[in-house]
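Quick one: this structure, given as structure tokens, is what I'll be asking you about.
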Amino acid sequence: MEQKYEQFKGQPRLPKSVVPKRYGIKLKPDLASCTFAGTVEISVDVVAETKFIVLNAADLTVSRDGVRFTSGAKVLEVLEVQLFEADEIMVVEFSDNLPLGVGVLCIAFEGTLNDKMKGFYRSTYEHNAEKKNMAVTQFEPADARRCFPCWDEPACKATFRITLEVPTELVALSNMPIVEEKRDGIIKTVHYEESPIMSTYLVAVVIGLFDYVEDHTSDGIKVRVYCQVGKENQGKFALDVAVKTLDFYKKYFAEPYSLPKLDMVAIPDFAAGAMENYGLVTYRETALLYDDKHSAASNKQRVATVVAHELAHQWFGNLVTMEWWTHLWLNEGFATWVSYLATDSLFPEWKIWTQFLDEITEGLRLDGLSESHPIEALWRLIMRARLMKYLMQLAIGKVHLLSACCKAILVRNAFSCGPLIALFSFAGLGWKLSKGELFSIGEEVDSRSTTNLMSSVSRALASYIKQYSCSNAKTEDLWAVLEEESGEPVNQLMNSWTKQKGYPVVTVKVNDENLEFEQVPYTNFLHLSTDSQFLLSGSHGDGQWIVPMTLCCGSYDVRKNFLLQGTYESLDTKEFLLCSHSKGRLAETGTWVKLNVYQTGFYRVKYDDELASRLRYAIETQCLSATDRFGILDDSYALCMACQLPLASILTLMGAYKEELEYTVLSNLISISNKIARIAADAAPELLDDIKLFFINLFQYPAEKLGWDPKQGESHLDAMLRGEILTALAQFGHDVTQHEARRRFDAFLNDRHTPLLPPDTRKAAYVAVMQNVSSLNRSGYESLLRIYRETDQSQEKTRILGSLASCPDPDIVLEVLNFLLSSEVRSQDAVFGVHVGIKGRETAWRWLKENWDHISKTWGSGFLITRFVSAIVSPFSSSEKANEVEDYFASRSKPSITRTLKQSLERVHINAKWVQSIQTEKHLAEAVQELACRKY
């Protein structure tokens with residue numbers, strides 16, 4: 001290739017000499033041949049002398065004769081058109097420099113409606129027993145270029161006028177309302193209103209057969225939910241949530257929804273959960289549709305939170321867009337935060353802010369890997385590997401710090417340590433805002449202060465949206481608005497949390513009348529270092545933070561807050577004891593001390609043995625809030641996995657939760673139990689039965705309280721908890737649970753409407769059935785396959801896929817894995833079935849190697865391929881297996897899996913080190929036997 005084009009290759013961003021202002025796009029898809037043709041007229045502003053126009057294009061066919069540029073009445077000669085697929089760019093060369101000012105670039109192109117669930121792609125569905133195609137777009141982060149040539153960067157905002165040429169019987173949707181529709185025989189041409197200024201990744205088109213339900217917001221915005229024909233009733237719940245959420249955001253952001261309509265569409269084949277396209281939001285069916293008869297409580301909650309999240313983007317992301325992918329975490333973080341506000345306002349009984357702890361924990365666990373990334377350094381991964389889930393987990397974790405700044409605006413003077421601590425004090429979790437309740441670190445804020453605080457947060461965000469509306473913003477722009485509102489150095493404080501990876505761990509111990517805090521090196525390293533960034537490997541990173549310390553002593557009425565700015569701090573506890581009922585020195589009183597009150601800080605805490613013992617007693621006697629019970633458990637598990645606490649210690653702590661009934665705490669307890677059972681199978685297989693017996697006994701109390709049958713008027717959280725508890729008991733081999741599950745499953749086989757197996761407990765029954773399936777006893781497996789084939793409910797299908805691979809028989813596991821690659825399973829859903837049990841790990845690994853070429857070809861260009869790698873590789877726990885995996889992928893890796901593979905291998909090494917640590921515990925067997933013999 002000529003040297004003149006080299007200047008454009010390998011560049012992360014397009015040249016700025018030509019700027020797009022307006023697109024006129026016409027698309028003509030052929031759903032039978034799965035191809036499309038189109039033209040685009042782009043009004044541009046030439047701002048610098050150049051003979052070249054460089055824009056994005058990928059997987060498109062463009063000829064030199066199909067490109068034309070006009071400036072006024074002058075038509076410029078196109079010398080050459082080159083497409084560089086590796087760089088996903090198109091270079092148009094002209095014989096002379098382009099005139100400065102306004103011009104129009106016209107391009108004709110052709111493409112394929114691909115099956116990769118990105119760009120302009122096809123999705124399949126059945127109508128009247130006939131298989132049909134629909135055409136769908138998915139452009140984030142950088143796939144608009146696969147539909148039409150464009151400046152496919154978020155800062156290159158423009159207006160868009162879309163025209164579609166489609167069969168007359170089909171529904172054709174785009175971002176804006178239809179302005180004109182012309183019919184010519186079996187074809188209609190649909191013209192849409194011109195859009196507001198927006199980024200290319202938000203442009204959307206959907207073409208297919210649909211039914212819909214409709215409603216209007218209080219100010220007349222038309223809202224519709226589109227779904228497959230015959231499923232319109234399943235869209236009513238999402239419609240109700242959407243209408244109320246738009247009204248909520250209008251008030252919260254002090255800015256009305258900016259388009260005349262909002263359509264939400266359920267797509268049968270959809271890689272992500274949903275996509276916030278401006279005015280045309282697309283979803284997986286499981287994230288938008290809800291059926292009272294077939295959807296569990298967890299499905300209902302997912303629909304509500306996903307809808308609220310995507311609609312938050314209509315303001316935070318669409319109206320105000322990040323300048324570059326570096327700042328995408330800001331869009332996702334704040335959309336998540338305000339979506340929880342909206343969901344809590346609609347369903348306060350769900351205690352959604354307490355459940356937010358689960359999201360934060362995922363961020364902490366990911367950010368605890370040495371193969372994590374500073375969240376603002378992720379854009380290369382996002383662009384090349386489409387690792388949107390990875391970004392979301394980190395963004396949700398870092399949203400701690402976003403709302404820390406927001407919530408501190410009015411309450412900073414309430415803190416004895418001054419405004420600096422206030423900026424960190426609420427560190428991201430809004431769960432105490434539920435039902436109007438909000439606690440500051442130093443004192444409880446009254447309802448008037450709470451209202452003022454939320455008004456202040458709302459004002460700050462409204463100011464930000466107003467200032468950057470229809471424009472682009474960087475992370476620092478939000479910090480600047482918050483600085484102006486609060487008068488504090490927000491940017492300086494936040495940079496250390498967003499521009500570096502990881503987070504700190506703080507140790508605390510009692511020394512006479514003092515509490516001693518320290519950020520210290522760990523003693524059990526994979527890598528030697530001298531700082532205190534917490535990594536799951538037990539090693540140290542290279543970060544330094546100002547740590548906002550909050551603690552209470554014996555009561556939530558006795559609190560203290562300060563900044564740990566160095567490696568060591570000592571705190572005299574006399575003032576605590578004077579304010580409390582305790583008498584004598586802290587070391588002698590037995591008073592419990594809880595750091596990171598309400599889990600509002602982004603750090604882990606390690607207590608000395610004495611303080612840990614006191615906290616166990618505080619948990620047993622119900623002295624601590626659910627959020628703090630969650631935090632103590634989660635920190636202890638993370639420290640145990642990093643070999644900083646013995647396994648016996650975390651098991652003993654878990655015993656303190658014997659009467660736990662709070663959903664979020666128990667859900668985490670179940671998750672940790674499953675992970676401990678997995679590691680124990682490798683580290684101490686002779687103790688595994690006793691460990692499982694301990695877990696069975698531990699969960700008997702909530703299981704007996706909840707039972708199998710839903711109770712009249714029971715809470716949403718109890719409905720979710722019932723399924724999780726029964727699933728855990730089935731997996732741990734509880735005979736009574738397994739027998740009852742089989743009885744109810746048999747009733748369900750005979751009558752799909754039986755009240756004996758409602759949606760909330762079906763997964764528990766399915767898992768229980770699979771525990772007893774083998775090559776010689778296949779009836780349960782074959783029955784589940786029959787249910788899978790008969791149902792048209794996406795949620796039911798994924799529920800079954802998630803249960804099949806739990807079978808302990810390797811031969812059945814192999815059948816299940818092969819089934820995932822069949823035409824009976826949508827490619828988006830295959831990843832739900834690859835999470836195999838302990839006994840299926842080697843089978844899954846061999847299967848992955850044997851089918852890698854097919855998997856790589858089918859899923860290799862999107863993020864779903866990373867799920868195969870992480871699910872199958874991460875559960876191993878030997879360095880030998882890590883080396884085997886690394887050797888296998890040495891010649892097979894690709895950009896889309898590079899980061900996931902490194903993280904999965906790191907997890908294997910972490911597991912291997914954990915196994916070795918457990919095997920050196922001297923009194924583990926005695927502790928396990930004692931716990932297993934307890935009757936709760």
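Placed from the backbone N, Cα and C atoms, the Cβ positions cover glycine too.
The feature active site, proton acceptor is assigned by TrEMBL to Glu310. Among the features that TrEMBL reports, Zn(2+) binding site is placed at His309, His313, Glu332. Marked as domain 'Aminopeptidase N-like N-terminal' by TrEMBL: 19-202. Annotation source TrEMBL lists domain 'Peptidase M1 membrane alanine aminopeptidase' at 237-376. Look at TrEMBL and you will find 592-909 tagged as domain 'ERAP1-like C-terminal'.
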How long is the line from the C-alpha of Glu332 (Zn(2+) binding site) to the C-alpha of Glu310 (active site, proton acceptor), rounded to the nearest angstrom?
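Taking the Cα atoms only, Glu332 (Zn(2+) binding site) lies 10 Å from Glu310 (active site, proton acceptor).
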Same chain, not part of His309, His313, Glu332: whose C-beta falls within 8 angstroms of the C-beta centre of the Zn(2+) site? Give them in sequence order.
Glu276, Glu310, Ala312, Phe316, Gly317, Asn331, Phe334, Ala335, Thr336, Ser339
Taking 10 A as the limit, how many CB atoms besides its own sit near the CB of Glu332 (Zn(2+) binding site)?
25
Taking the Cβ of His309 (Zn(2+) binding site) as centre, how many other Cβ atoms lie within 10 Å?
24
Provide the three-state DSSP residue tally for the domain 'Peptidase M1 membrane alanine aminopeptidase' (237-376): helix first, then strand, then coil.
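Output for the domain 'Peptidase M1 membrane alanine aminopeptidase' (237-376) reads 79 helix, 18 strand, 43 coil.
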What's the most sparsely packed of the recorded positions Glu310, His313, counting other C-beta atoms within 10 A?
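Counting other Cβ atoms within 10 Å of each of the recorded positions Glu310, His313, the minimum falls on His313.
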